[in-house]
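Notes for the one structure printed next.
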Amino acid sequence: MNIFEELKARGLVFQTTDEEALVKALTEGQVSYYTGYDPTADSLHLGHLVAILTSRRLQLAGHKPYALVGGATGLIGDPSFKDAERSLQTKDTVDGWVTKIQGQLSRFLDFENGDNKAEMVNNYDWFSDISFIDFLRDVGKYYTVNYMMSKDSVKKRIETGISYTEFAYQIMQGYDFYELNDKHNVTLQIGGSDQWGNMTAGTELLRRKADKSGHVMTVPLITDSTGKKFGKSEGNAVWLDADKTSPYEMYQFWLNVMDDDAVRFLKIFTFLSLDEIAEIEKQFDAARHERLAQKILAKEVVTLVHGEEAYNQALNITEQLFAGNIKNLSAKELKQGLSNVPNYAVQAEDNLNIVELLVTSGIVNSKRQAREDVQNGAIYVNGERVQDLDYTLSDSDKIDGELTVIRRGKKKYSVLTY
């Protein structure tokens, strides 16, 4: 099975320009290819991971990746399938995001070894040297307005309005391909399926300005089995930055994917062989309640993104919280595991009697309810049941001197911080 066949078998090929020519190029020698990442935030997220890992697979097959971070295009804003104009960011902000994103990409691609080691490029390096007049003469001349208006990403914005700034985005991305082809012999661009219009603007410029052909391959935008856009948890993006989405939160995200998605996601997001995944699928189908596919998926992706130590910590937090063993975890681990539960900062003047504190912190609405809960055995302090109405929190209840975990009933957690 050649690399293109494997990508197809994993569900990673959505659309290509001349497929026969692309397969021929990939099987006959080393291809230099690029994937672009615009800095629209200070971190990449799971939505980017499909293209990143596809780029890694091609590198492992001997091809040479260029990771383009859009220091220039990030200042403009991609209109593709966005309902409204993006807010323009300052250059200092975008530069900061570029640096962080470059650091994240270095975890997935090999920038050090072999004749196909990855290279990082920033399109600000060439756009900053082009005058507006030169850009219109040397690039804009090769695009008709009819061609630019025909792009689906533009059509969807015509009725609501699109600025010239965002309208021109596609020819900036097209010029990226031309520049990388001219300087580095890059002949293939990889990106999400929503980028097809922008990407083919590159092959158009190569054809018209340099009389060369280039290839484009898009990866699918991933949805779950219900058709919902993939990569969000509770409506929020799942980030690759551990400070924005902790390894524990990412672990839980993968652990909770639906049965109908688990095996498909193993093919897309892990480097397990297709034979290994087929074997996992057999075991998974025989006992779906054990969630084997989700557990392996969570392990593989968290280890890939954050490392083995972070995976082991996420697994330990999961197991200890499930067992109610709060005291077996550090304050740092508890902050990961309980980041989404209500939090109350204890004040110096607060009464630390359990009944008083349950009301002050908002865990219950009244002292009567608090007394009932304590007497009925529904209140736990750091995993241990408290039934004494006179119980008062002390320093021994402060985990690492930082926090106390209160549980009401089986699942309602709150964190008190000091």
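Every residue, even glycine, has its Cβ placed from backbone N, Cα and C.
The L-tyrosine binding site feature in Swiss-Prot is assigned to Tyr34, Tyr169, Gln173; the stated evidence is sequence analysis. Neighbour count (other Cβ atoms within 10 Å of the Cβ, all protein chains): 25 for Tyr169 (L-tyrosine binding site).
Swiss-Prot lists Lys232 with the feature ATP binding site, giving sequence analysis as the kind of evidence.
As annotated by Swiss-Prot, domain 'S4 RNA-binding' applies to 352-410, with the evidence given as sequence analysis.
Tertiary proximity for the motif ''HIGH' region' (39-48) is limited to same-chain residues at least six positions away from its ends with a CB under 8 Å from its CB atoms, namely 69-71, 74, 77, 86, 94, 96-98, 100-101, 104-105, 192, 221-222, 230-231, 237-241, 244, 253. If you look up Swiss-Prot, you'll see 39-48 marked as motif ''HIGH' region'.
The motif ''KMSKS' region' feature in Swiss-Prot is assigned to 229-233.
Summarised as a single figure, the pLDDT of the motif ''KMSKS' region' (229-233) averages 71. In three-state terms derived from DSSP, Tyr169 (L-tyrosine binding site) belongs to a helical segment.
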